Amino acid sequence: MLDLTTQIGTLTLKNPIMPASGTFSEDLAQVFDLDILGAHVTKTITREKRSGNPTPRVCEVRGSMLNSIGIPSKGLDAFKTNVIPFYKNYDAPLIVSISAGSADEFASLCEDISVPGVAAIEVNISCPNIEEDGKAFAMRPSTTEAVMRKLRNATDLPLWAKLTPNTGETTEVAKAAEEAGADALVVSNTLLAMAIDINTKRPKLGNLMGGLSGPAFKPIALRMAYQCAKSVEIPVIGCGGISTIEDVIEYLIAGASAVQVGTATFINPPIMVKMVEGLESYLQSQGLHSVKQLIGSVVDQEASDGLVFMEAAP
Amino acid sequence: MSNIALDTKPDFELAKPIHEVECTIISNEPVNGEYRLLVLNAPSKILDCEPGQFFHLLCPVSDTLQPYLRRPMSIYGYYPDKGELHFLYKVTGEGTSAIATLKAGDNFNVLGPLGRGFDILPNWQNLLLVARGVGLATLAPLALEARRLNRKLTAICSARSDQFLLSLDYFRELGATVIPLTDEAGTSSVENMHSIIEGLIADEGIDAMYTCGSNRILKLLQTVGKEHNIPGQIALEQQMACGIGMCQCCVRAFNRNGAIVNERVCREGPVFDLQEAIGC
């Protein structure tokens, strides 16, 4: 009997495949049975209603895409009334992604969303499209630790910190989040990027810049997931450019305990179902009986011990 | 299961499933200087469509053309009896250029049917379609449905010149009164269109108006609709990523009860109330 379960802190997921925030909604229930997934992760909500960024909000680049959606949100009350009850129809745990403009607002939202039906809170401390002045908490260890401490004090639910690739201090930020009480790290959000139309000379996104996601981003996020898994004790959830079952397996081998699939669902909406099936086939073909045997099985030997992971000069 | 859960889930259970399927190309040929007709052999489960709905198309990738996201395209025709799905399109960018390379026998991955289609309410007997250029493609299934429901249909079709006027015979075969207007003949001005519509209202009356795309036509029909209290619907376009409501890419602004609201073209649309629509 194959064991696809994985452990994210106190939560046991029936398989390691879940959607990435912002690329999933109740609408996907029209495509497949959402209980096939290991967990459900909502689009980031804010306390207030927000309309999001100007259009165009998405553009494609070779083999990938940029987005500057900007976290449109119907607000906390609408979310509690309409969205949480919908997911009570499913066994898969509901992970609610939240964001706010300041650490105190973040903590107060975190407290107010800690309600029955919510299994864990993913704290989006890294959206490149929302924080004032374009700064995200997760770009520095100090701001990460400060906001995570407030969030930790605001809830007893598991806290997943979603990190950003827009930092030169990946492992320091990861350790700061762990130190401040995060139960897991989601690695990572999108990479700040840009595209310009050469005919009109206008940026292709209404917000000028936006986050790169899709296959082109995968090696970067995979590297970060590997670095984080090496530097912290809490589980790492890999996220970035996962489009095939081979990508899922690669992240698990790198040390991720689970993965989030995002942009690939836009191209191929039932892809996560195929990934769950593909994971079973892979384990069978390798003579493995459990996903846990795969997690962190990267053969890096001594190299990893002495490796300097692109640390900043003092 | 709680009562709250029961109250909220049926909304999605009643919604029809969305299918991702590989179809086979029957033909993909130019129909005039600008437009091509794509005919697919499609399974019946994706042919339970409504006029105005669309499919999200996975474009083929080659050495020179590498569209990444799917491309939304309104349905030109769906024929469950013969198992065919038709799209009428104009090559404008990388996605449609890639679709134009498809040959008979090729596989083609489509997702759908998607979105909310046009309504034809029981008391809407005299229907008016107004379209410019390829916009007519979106309204073609509506003409077929109007015929099935035995409604009287008038179609005002505008284009640059006669050669770009599309499928007028198709509309005539469906029993529609067709009024072609062209830039070349100098008949396609808003003023002329306005007086033609006023004539139709004075003559037999119009119960509902339908259009898509063009800002000029939208504004004209909004004016006429307000003046004569005639309801209408418009099919709108917007760039899309997911096509099923998840990503919030395709929002547009609408006037509703005195406020501006954002709605997803892929999910709340692509068909919207004529008076709520805002041109871009």
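Yeah, the Cβs are placed from backbone N, Cα and C, and that goes for glycine too.
Sequence-distant contacts of A:C127 (active site, nucleophile), defined as residues of its own chain at least six apart whose C-beta falls under 8 angstroms from its C-beta, comprise A:T44, A:I71, A:S99, A:A136, A:N189, A:G211. Positions annotated as active site, nucleophile by TrEMBL: A:C127.
A:K43 (substrate binding site) carries neither a helix nor a strand DSSP state and counts as coil. The 10 Å shell around the Cβ of A:K43 (substrate binding site) contains 23 further Cβ atoms across the protein chains shown. Under the heading FMN binding site, TrEMBL lists A:S21, A:K43, A:T44, A:N124, A:K162, A:G214, A:G240, A:G241, A:G262, A:T263.
A 10 Å cutoff on Cβ-Cβ distances gives A:S68 (substrate binding site) a total of 28 other Cβ atoms nearby, all chains included. Marked as substrate binding site by TrEMBL: A:K43, A:N67, A:S68, A:I69, A:G70, A:I71, A:N124, A:N189, A:T190.
Residues or ranges marked as domain 'Dihydroorotate dehydrogenase catalytic' in TrEMBL: A:4-283.
Put simply, the two farthest-apart Cα atoms among A:K43, A:N67, A:S68, A:I69, A:G70, A:I71, A:N124, A:N189, A:T190, the recorded binders of substrate, are 16 Å from each other. Residue pair A:N124 (substrate binding site) / A:K162 (FMN binding site) shows a Cα separation of 5 Å. Proximity note: of the listed binding-site residues (A:S21, A:K162, A:G240, A:G262), A:S21 have a CA within 10 Å of the CA of A:K43 (substrate binding site), given in sequence order. Here the domain 'Dihydroorotate dehydrogenase catalytic' (A:4-283) returns a mean pLDDT of 95 for the predicted model.
Minimal Cβ crowding within 10 Å, among the binding-site residues A:S21, A:G70, is found at A:G70. For the FMN site listed in the record, the two most distant Cα atoms among A:S21, A:K43, A:T44, A:N124, A:K162, A:G214, A:G240, A:G241, A:G262, A:T263 lie 19 Å apart.
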